[in-house]
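Per TrEMBL, the features are as follows:
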- 304-369: coiled coil (COILED)
- 21-75: domain 'PAS' (DOMAIN)
- 160-310: domain 'Phytochrome chromophore attachment site' (DOMAIN)
- 431-483: domain 'PAC' (DOMAIN)
- 487-705: domain 'Histidine kinase' (DOMAIN)
Ligand code: ADP
């Protein structure tokens, strides 16, 4: 309010007059929130409003006439400012105002020069509180940022949920200057308990205290699950609508104000998109104020909420860790199992290997003790096993046999003789053959060698076992025996021939007749002499063929010719036995010594007739085969030959029944001679038979070359 006394001062008069004329402006001047002052060029206060008096802490009277410089520091030079400001323009700035009562205020001003000549208008505003508030807020925000980074760091550094929660409550309590901060976990049965707490020493702890369900009913939980945040300034204020039992519970702990933020757990954050994810209330982050009601500010609320989110992240991480630990546990258990199994397997394998080694040693011991040469050759024709005798036989060390190719071990010449048999064994055939081998000592020995193929479950030939026995001694004996028989046969043949001729003449009766008994005796003698002659001839024949002491005179022959020749020769015998002899001659040309082939054929036909019953038929057939050979067959309907004898009857003096020679007048040499003849023609001979139904003797001869 303007006073009469001030009107006396020059300069103020005009303004006052103007103001009086304008009651509205006067009222604004008086009631303005900002301080308004009118000064002269030196900064002397000519007029001030009530707000200015309040700002300077002086009465209107005391302030009028004082200069602004009295209240500022030396740096604030009013005259200088006026000098720099052009007339009619404005200048804003700040200065520190030191009031007479000693209080320091920060003031913001706007100076308008010469609103009337030499009178300047100053509008002043105390910005001390505003600045302090801004600074406080900044400090507060910095604290929160620190808290944030600390808690977030803790979450990153630690995966231990308990540790994270403890750090959170401690830091929140410190920054918020709250009396108690706690984390309350909601349990599945609707109850809950404080699992982490930071509380000032003057207040009771509620850590581990279980909250009854009534205190925290389902509907509250539902609201919190939806993300509700509650800031309660005064718990006793009925506007908060807190349940009576909750208020009673709260009172026990002197709680006046509460700030509650839900901690949510995103159940499906890993499997589903955000829109589908489902939140579950895990717990609450709660701040208590106990000494008096507290007005929570928005910023605190926001920060609490963000911290609750961080805890949610920590929860998810802890969950992950738990899952990870479970997985690790399971995997470790599995690994242990695998280890155990592996261990077991290694043990088993070691045992199996040592058993194998033992059995190999035994096998080696046994095979080393045998007077037979034993070896195993794989499908690449490389030695995989051999006994000691084999090494001695070859005069080679194990290193020069094991893993080496047969050719390398035996040399080119010997391998040439073995190759066909080796290949046959590797095709899965059992092979037996004889071979003359020059040993390391330079001596030549005869060996009987058998290859037995090793065929696996998939019928694949993996190799073969080779068994060889030295038959040199047996061969020598055989040779001596043969020579002996040969010599004896030769010596026998001349006297036998004359004996046989003499008996033949006697039997005819041309030299006189005998009694019936005498005649009978003579016929028996004749018959047996004839058999003896045949035997001697056969022995000599065989001997000759075996020793190669004969020459095959091969020429182009018609198969039909010697088939007819042989049949005709055997016709009388067939008639004598009441057997029909049938032949189907074929017009094939072959390269043979026909005399020997006729000999073979007549021998087979004579056997067929001999072993046929009267009334039976014997067939002689021949046919051309694909493999450029001709197949001959002598088939009868006789008694047949057992399977076990089909091969042995081709050996010397071998008969199905030892009485055959006596009963049928045979020598047991016919088939052996046949085989020799056919083999000399590079053919094969064999027999097939069904007991009681008959036998078939086959032999092949090569077709005419070209
Ligand atoms: P042999 O002179 O004893 O006939 P072989 O060598 O010709 O001598 O025959 C040997 C044995 O083979 C005969 O003793 C007989 O036991 C048997 N054999 C040969 N051919 C036949 C056949 N067609 N039917 C039955 N057994 C036969």
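Note: Cβ is positioned from N, Cα and C throughout, glycine not excepted.
Mean pLDDT across the domain 'PAS' (21-75) comes to 89 in this model. Per DSSP, the secondary structure of the domain 'PAS' (21-75) breaks down as 25 helix, 11 strand, 19 coil. The DSSP breakdown of the domain 'PAC' (431-483) into helical (H, G, I), extended (E, B) and coil residues amounts to 12 helix, 30 strand, 11 coil.
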